[in-house]
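S.K.: Take this structure first; my questions come after.
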């Protein structure tokens, strides 16, 4: 009988220890507060559960100086304002699972004794970077949103969250873009200038290669007429006309009797032969003798 009683006592002791361990592992599980929460009131409990109430956190401190566990899960929170946690000096565990957190205030990250239970998300990157400064920091974990299984936060951030573009990266990108634009515009400007110079040099070279016959001669204002009259008295000089006169053969009056078109071709030309009166640029009248019949050949 004594041995049976001893076994029963040991069994009861083991069950009691198991219950104590289970209660300790639940992190002071407490009752959920009603949906309407007055943030101005004072909360004296050590465990505050505001889970699933669809709350938004105010920018003023929560009056709960004795709280050790704070459950804010399933509220659709995106930001944890640092001012809300200013007076929670005894807070040890903060539960924010099932919230789409974009960022966590740096004041919470600097509290090295605070345990944060949150879903794995890229919003924890800044919090993780600051927590690396805590001495004796254990491995930081996050919970899978679906299975709530713990995962290594460092591994999750490296695999799932690419490094964000900080001010230095953005500045370098802007500077590189500006440099590229300046280089492209400079190249286009240099190409246009080189093209203009090449055209100018080609034009000068083509001018230099032109023969004297290709160069157009200037047209004088005065162009004399040809006539078949004998030289007469010199006409008075008159200013040159601005209009260009056409060349033409002008025959005035009847040809002289001794100026026969059928004269012998080999006879020497005399003073009475037909001639043309040519007036040069200097207005000098000069006779030009010719045999018109031979000229017609």
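Note: Cβ is positioned from N, Cα and C throughout, glycine not excepted.
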S.K.: Quick one: which of 159-201, 202-244 does Swiss-Prot have down as region 'Disordered'?
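M.R.: Feature region 'Disordered' in Swiss-Prot: residues 202-244.
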S.K.: Quick check on the glycosylation sites 44, 49, 133, 152: which one has the highest count of other Cβ atoms within 10 Å of its Cβ?
M.R.: 49
S.K.: For the repeat 'LRR 1' (66-89), give the DSSP counts of helix residues, strand residues and coil residues.
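M.R.: Across the repeat 'LRR 1' (66-89), the residues distribute as 4 helix, 5 strand, 15 coil.
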S.K.: Between residue 49 (N-linked glycosylation site) and residue 152 (N-linked glycosylation site), what is the CA-CA distance rounded to a whole number of Å?
M.R.: 26
